[in-house]
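Record features (Swiss-Prot):
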type	residues	note
BINDING	K195, D200, D218, E279	Mn(2+) 2 binding site
BINDING	D200, D277, E279	Mn(2+) 1 binding site
ACT_SITE	K207	active site
ACT_SITE	R281	active site
Amino acid sequence: MTEAMKITLSTQPADARWGEKATYSINNDGITLHLNGADDLGLIQRAARKIDGLGIKHVQLSGEGWDADRCWAFWQGYKAPKGTRKVEWPDLDDAQRQELDNRLMIIDWVRDTINAPAEELGPSQLAQRAVDLISNVAGDRVTYRITKGEDLREQGYMGLHTVGRGSERSPVLLALDYNPTGDKEAPVYACLVGKGITFDSGGYSIKQTAFMDSMKSDMGGAATVTGALAFAITRGLNKRVKLFLCCADNLISGNAFKLGDIITYRNGKKVEVMNTDAEGRLVLADGLIDASAQKPELIIDAATLTGAAKTALGNDYHALFSFDDALAGRLLASASQENEPFWRLPLAEFHRSQLPSNFAELNNTGSAAYPAGASTAAGFLSHFVENYQQGWLHIDCSATYRKAPVEQWSAGATGLGVRTIANLLTA
């Protein structure tokens, strides 16, 4: 193992020879990051990405000024999907070190799970990984049920079964119950619902290669809410929370669903399929029906749902939708506290009616007359939330994954959103 490169922090500007905009400098003792007080966490993350780009794979965070947030900012920029890296962490107090260790364990799990090839991570594997993570932090306070394949059809989970039946790998619903109270009759405080499409070809509405090559990450919503629950537990979550992961492949085969098919859901809604690549909302609907049946105070669903959200926000923000202004404000406050990027996009009553069908109550995609794709997708989901005007948040996870590296992130998953949702659950 090579000797560690020392990384220190300074509030003084770099020597003029490095240029007036220099964020780091190099000397015989190692590398100094020059903080300016404007965006210190972002500066540290961007510098870490540059340090990794220099091929430095063993570092020691040394000297004064390091805390859990600054260490984490460094790791977010330093971590990448290829190769190995070693960080020697500075001395932190017990609480800060525990917080950092929990982030490293759980959010790295989220990033690594999203980055996993679809060949390795099918619907069953995703569900089991989620169970293993939550069980690791919750112990005997968690129970779960896995329903798959034809059992889904027999039990009325028609959206999930319809989307997933075209794959040889059976679709799976994970229903997990975290109940720290020990009381089987305890009310459910919150339900988390995640889209777990482990590979999305688009189905018969097939994607072009440029839009399909990152679709191993289409289970990013499921990974995010799983990580959020695990992280909230490490922060002392003492309320009952249920997790529903809707896991499937969306592939083409002789048994795959087709345009013009009509899906009848357990709540009586009939949906005409006019785009098999708008499959995420079809599987989430089943999870939202189950979540609503629990009568929780709070329902949060997370999904890499629309390209429209990415068009609006790029990969820099998660898109937030809600009819509940107070709840949306609480989520945005949590995001601010955790230094994670969320941006609220419009969701109005009229978006719920912008999915007309000639043959069913709903179409699974908006027509050219209604181009607000992210908002109409949220409007679609609202039809499966019993009390959609209160207590429901929809997160379109546009900041989950990057196809190419940028100055602060490597290519691949980011893990953004985990801490914000956990913060809201424990507030």
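Glycine is no exception: its Cβ is also placed from the backbone N, Cα and C atoms.
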Within 8 Å of the centroid of the Cβ atoms of D200, D277, E279, which other residues of that chain place their own Cβ, given that this set defines the recorded Mn(2+) 1 site?
V163, I197, S201, G202, G203, S205, K207, D218, N250, T276, A278, G280
K207 (active site): nearby binding-site residues from K195, D200, D277, E279, Cα cut-off 10 Å:
D200, D277
CB-centroid shell, 8 A cutoff, Mn(2+) 2 site K195, D200, D218, E279, site residues removed:
V163, I197, M215, M219, A248, N250, G280, V283, A303, T304
Measuring Cα to Cα, how far is D277 (Mn(2+) 1 binding site) from D200 (Mn(2+) 2 binding site) in Å?
8
Which residues does K195 (Mn(2+) 2 binding site) neighbour through Cβ under 8 Å, counting only same-chain ones at least six apart?
D218, M219, G220, G221, A222, C246, G280, V283, L284, D301, A302, A303, T304, L305
How many Å separate the Cα atoms of R281 (active site) and D200 (Mn(2+) 2 binding site)?
13
Pick out which of the active-site residues K207, R281 has the most other Cβ atoms within 10 Å of its own Cβ.
R281
Spatial neighbours of E279 (Mn(2+) 2 binding site) that are distant in sequence (at least 6 apart) but have CB under 8 A:
V163, I197, D200, G203, A248, N250
Quick check: in three-state DSSP terms, what is R281 (active site)?
helix
DSSP-derived class (H/G/I helix, E/B strand, else coil) of D218 (Mn(2+) 2 binding site):
helix
Per DSSP, K207 (active site) is which: helix, strand or coil?
coil
